[in-house]
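These notes are about the structure you will find just below.
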Amino acid sequence: MSTTWFVGADWLAEHIDDPEIQIIDARMASPGQEDRNVAQEYLNGHIPGAVFFDIEALSDHTSPLPHMLPRPETFAVAMRELGVNQDKHLIVYDEGNLFSAPRAWWMLRTFGVEKVSILGGGLAGWQRDDLLLEEGAVELPEGEFNAAFNPEAVVKVTDVLLASHENTAQIIDARPAARFNAEVDEPRPGLRRGHIPGALNVPWTELVREGELKTTDELDAIFFGRGVSYDKPIIVSCGSGVTAAVVLLALATLDVPNVKLYDGAWSEWGARADLPVEPLK
């Protein structure tokens, strides 16, 4: 795996009682898994000391779009209530598929946390190593968290439209190829098929192996094979802003500069009849 932003289960087990470490459970149901009660899954068993980082609950509920970043002050209050301290080393994990931990990693970094790592292999890897789980909620004292939002981390639909029209940035779409190529319907109702004109398709699952990123050589080969240049600004997108963070994490691991996330993603673009799509029908 690529280790820049990752820690292993053995390392975390050794440091689990370190007061400068905080563990964050960021597992999340993907589209089509609406019947899952992820909060209950957390209560049924999580890494000892981990608080539950509910990406759905921590999104902007004033927006009709899913998983949009909340206001900085809203996020800061939520983190303080969870007991999260922004000056500690935060270790984020998901169920072990690397589906949602990168989104939590990106949110925390975008709101000013400097030390954030992802547990390679996630909860599944922890359990494979026969390490113990804890049941029930984790109650911590109020944390110290003052969100310092980085506006350079995210772009809006107008920025993406300009990049698509003027070719000023590469747009990478992390959705599966069948959705990108308009061969199947979107899992969310009411969205058109297709992709943003000029976008390149790098499905997030191709970057991942057993809950970790592939090696840097493998990542380079995948990006180069899809026509991505590291010398040009990059905008990452997906269905709702979650798996785009996997692509962003991979590019960060490769030290690629000037990468931003389109938070509205296809949930916004695909819902608007006034925006262009490819392939044309």
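Think of each number as a place in line: the chain as shown, counted from 1.
Glycine is no exception: its Cβ is also placed from the backbone N, Cα and C atoms.
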Region 'Substrate specificity' per Swiss-Prot sits at which of 175-181, 238-244, 273-279?
-> 238-244
Restricting to the same chain and to sequence separations of six or more, state which residues have a Cβ under 8 Å from that of C238 (active site, cysteine persulfide intermediate).
-> D173, A174, R175, W204, A244, V247, A265, W266
Three-class DSSP secondary structure - R179 (substrate binding site) | helix
Provide the number of Cβ atoms within 10 Å of the Cβ of R179 (substrate binding site), excluding the reference atom itself.
-> 23
The domain 'Rhodanese 1' (17-135) [mean pLDDT, rounded to integer] | 97
